[in-house]
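Structure record follows, encoded as structure tokens.
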């Protein structure tokens, strides 16, 4: 957990794999994207191995585990298949996320409060392999407190509602929800990360929230990389969030 206003950038490379899978080719290579991201200042690499394998594949994860210089944040659904795979690869960080086949992207946070026994068992099992387990949840006090009860050392607050807000009042309301969620998480002794839907025009307000440890960002980076290259996209984002955090 950071003790200053310095904030970490986790780069999600899922959508590099999305582009590859669209044509069933061997390119673009998400592993190369990860290495480029590290060179440009990424503090970690996030990948989500979905049940439907729509983007990242097992081979990608295995290769990344061998070559990353930073650390892997492995996003996964709470299924026996994924639990067994995580035990095999032993990533530094694991983030448990909700997952349905029909969704375009992760649509909301994990309902920890509604399934505490199941999530607690998963956290305990994954902690035994040495992984730091976080839970991807909405910035809701009930879910944050439940995350503490099940033994997770970290949470990732879902910023999608903030990213999707249309009017200034909606943006302010959703940003305040995140601010409050960070405060509750820190009061519970949790490491607080955040992510989902963040891009170059909305990230600074979130990066300026004191106490956030890491922001995980993917789609916006991959999209911007079409015009400036992946290293350039990551470097720009890193500069934005560090500047915003320094001003806070």
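We count from 1, first residue shown onward.
In case you wondered, yes, glycine gets a Cβ from its N, Cα and C as well.
Sequence annotations record features per position, and here Swiss-Prot assigns active site, proton acceptor to 48 (among others) based on sequence analysis. For residue 48 (active site, proton acceptor), the Cβ neighbour count at a 10 Å cut-off comes to 24, with all displayed protein chains included.
Annotation source Swiss-Prot lists active site, proton acceptor at 75 (among others). In sequence order, 46, 47, 48, 49, 94, 95, 96, 97, 136 constitute the residues six or more apart from residue 75 (active site, proton acceptor) in its chain with CB-CB distances below 8 Å.
If you look up Swiss-Prot, you'll see 196 marked as active site, proton donor, on the strength of sequence analysis. Taken residue by residue with DSSP, residue 196 (active site, proton donor) is part of neither helix nor strand, so it is coil.
The 3-amino-2-oxopropyl phosphate binding site annotation in Swiss-Prot covers 12, 23, 197, 218, 219, and the record cites sequence analysis as its basis. Long-range Cβ contacts of residue 197 (3-amino-2-oxopropyl phosphate binding site) within its own chain (separation 6+, distance under 8 Å): 159, 160, 162, 163, 164, 219.
A simple way to gauge crowding: the CB of residue 50 (1-deoxy-D-xylulose 5-phosphate binding site) has 20 other CB atoms within 10 angstroms, across all the protein chains here. Per Swiss-Prot, the feature 1-deoxy-D-xylulose 5-phosphate binding site maps to 14, 15, 50, 55, 105; the stated evidence is sequence analysis.
The site 'Transition state stabilizer' annotation in Swiss-Prot covers 156. In the three-state DSSP assignment, the secondary structure recorded for residue 156 (site 'Transition state stabilizer') is strand.
On a Cα basis, residue 23 (3-amino-2-oxopropyl phosphate binding site) lies 15 Å away from residue 14 (1-deoxy-D-xylulose 5-phosphate binding site). In this structure, the recorded positions 15, 23, 55, 196, 219 were compared by how many other Cβ atoms lie within 10 Å of their Cβ, and the smallest count belongs to 23. The binding residues for 3-amino-2-oxopropyl phosphate are recorded as 12, 23, 197, 218, 219; their greatest pairwise CA distance is 25 Å. Classification of residue 55 (1-deoxy-D-xylulose 5-phosphate binding site) by DSSP places it in coil, neither helical nor stranded. Long-range Cβ contacts of residue 156 (site 'Transition state stabilizer') within its own chain (separation 6+, distance under 8 Å): 95, 134, 135, 136, 137, 193, 194, 195, 216.
Across the structure, residue 23 (3-amino-2-oxopropyl phosphate binding site) and residue 15 (1-deoxy-D-xylulose 5-phosphate binding site) are spaced 13 Å apart at their Cα atoms.
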